[in-house]
Amino acid sequence: MRALLALLVRDLRLAIRQGGTVGMTLGFFVITVTLFPLGVGPELELLSRIAAGVIWVAAMLASLISLDRIFQADYEDGSLELIALGPTPLELVVLAKALAHWLTTGLPLLVTAPLLAVLLNLPVNGFVALIAAMLLGTPALSLIGAIGAALTVGVRRGGVLLSLLVLPLYIPILIFGVAAVEAAIGGFVVAPHLAVLGGLLIGATVLTPWASAAALRLALE
Amino acid sequence: MIFEGEELVCVRGERPVFAGLDFRVGDGEILLLEGRNGAGKSSLLRICSGLLKAAGGRLLWDGRPADEDWDEHHGRLQYVGHQDALKPVLTVAENLRFWARVNGVRVSAGGVDKALERMDLRDLATVPARFLSAGQRRRVNLARLLATPARLWLLDEPTTSLDTVASAMLAEVVRDHAAHGGMAMIATHLDLGLAGARRLALEPYRLAV
């Protein structure tokens with residue numbers, strides 16, 4: 001347990017000291033979302049209709065571009081093999097690292113999303129659903145992304161491959177994440193969509209450690 | 001306690017590196033791995049650590065297969081590879097403390113300070129690792145061995161970029177480790193002056209005609 005906490009604290013400290021990493025992800029998120037009003041025009045009605053989808057897609061891309069941070073640096077400087085040789089099972093290490101990724105990516109995205117929703121004129125009754133859906137969906141993004149990051153850790157410039165692997169797996173989160181917000185705006189029940197997102201999150205929590213750890217062990221051979 | 005390998009076979013990319021290799025290290029013993037480049041010194045150490053799976057043969061710890069419980073096996077070894085595994089933005093002491101914690105060692109016990117002292121890194125403790133020279137980085141990596149006690153040390157070319165003073169320091173540390181009953185397997189080209197160390201010569205594998 002102490003080892004996992006040390007790992008989490010170190011990853012957070014690295015993210016803060018290296019600066020930029022959190023800021024860059026957020027900057028990417030904000031700029032991508034801002035491009036839409038410029039691209040499709042300032043029609044409030046159109047914007048409010050696409051708001052949820054735009055925010056979710058931008059959040060996914062922002063999460064995606066920071067995925068290589070999870071394992072890449074540790075793999076390249078030899079830290080990963082030493083961590084793998086530590087007494088902590090690699091499966092739990094993966095969970096700790098995915099959590100660190102969420103805290104430095106998903107959480108800032110979650111905090112910024114309501115502001116961008118205002119920019120896109122999201123109807124007021126969609127806000128709570130957006131936050132709830134992102135609270136369940138963004139950790140799943142980090143977890144599923146960790147599988148892709150582990151699979152491409154040994155690949156030089158594996159960024160494109162990583163997106164090809166991970167983005168299709170993000171589709172269910174996108175569908176139900178947007179559906180939850182739409183339901184709230186339309187006055188329908190939000191709970192089923194959130195329940196599916198919760199299910200996806202639980203599934204990812206269970207599957208990610210095994211898949212990522214297996215991929216990392218292969219990469220370390 | 002005895003750590004031994006029986007009939008180990010190593011294959012890298014369908015090319016056999018060595019086959020039928022036996023070794024044995026007991027308490028307080030040092031085993032020096034010698035051989036040409038590509039003879040499989042690093043591969044043998046990685047097999048011993050569990051990072052690399054042997055294509056054949058067995059690893060035994062006190063007669064019990066090490067692959068029965070890799071986590072337990074990892075708990076009794078420390079590995080120093082080609083890379084120094086230091087985070088440039090963390091200070092020397094922070095890097096060491098991290099490795100101690102990851103290995104489940106209580107930092108408050110003062111092991112890290114002692115390790116810094118021993119590898120002559122006291123003055124560098126608060127310096128971010130990105131400002132260190134190659135030899136200093138290596139010393140921090142080796143200090144990891146002292147900060148997190150382990151029975152078995154697997155050292156792959158530990159003297160890389162060390163000067164003569166630091167190499168002597170390393171030899172002293174290894175001798176001390178052995179004197180306290182520890183085991184070490186060291187791949188090195190340099191004569192560390194370890195009296196009583198046994199040698200294992202690795203031959204490049206040749207297919208029998």
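Note: Cβ is positioned from N, Cα and C throughout, glycine not excepted.
All annotation found in TrEMBL is predicted automatically rather than curated by experts.
Per TrEMBL, the feature transmembrane segment maps to A:21-40 (among others).
Long-range Cβ contacts of the transmembrane segment (A:46-67) within its own chain (Cβ-Cβ under 8 Å, at least 6 residues beyond either end) map to 21, 24-26, 28-29, 32-33, 36-37, 40, 101, 104-106, 109, 113, 116-117, 120-123, 126, 130, 134, 137-138, 141-142, 145-146, 148-149, 159, 162-163, 166-167, 170, 173-174, 177-178, 181-182, 185. Summarising the annotation, TrEMBL assigns transmembrane segment to A:46-67 (among others).
Annotated transmembrane segment per TrEMBL: A:99-120 (among others), in sequence order. Residues 7-8, 11-12, 15, 21-22, 25-26, 29-30, 33-34, 36-37, 47-48, 50-51, 54-55, 58-59, 62-63, 66-67, 69-70, 126-127, 130-131, 134-135, 138-139, 141-142, 145-146 of the same chain lie 6+ residues outside the transmembrane segment (A:99-120) yet bring a C-beta within less than 8 angstroms of a C-beta in it.
If you look up TrEMBL, you'll see A:126-153 (among others) marked as transmembrane segment.
Nonlocal intrachain contacts for the transmembrane segment (A:160-181), taken as residues 6+ away from its ends with a CB within less than 8 angstroms of a stretch CB, comprise 51-53, 56-57, 60, 64, 67-68, 122, 126, 129-130, 132-134, 137, 140-141, 144-145, 147-149, 151-152, 190, 193-194, 196-197, 200. The annotation transmembrane segment is assigned in TrEMBL to A:160-181 (among others).
Long-range neighbours of the transmembrane segment (A:193-220) within the same chain, counting only residues 6 or more positions beyond its ends whose Cβ lies under 8 Å from a Cβ of the stretch, are 71, 75, 80-81, 84, 89-95, 98, 129, 132-133, 136-137, 139-140, 143-144, 146-147, 149-151, 153-154, 172-173, 176-177, 179-180, 183. Sequence annotations record features per position, and here TrEMBL assigns transmembrane segment to A:193-220 (among others).
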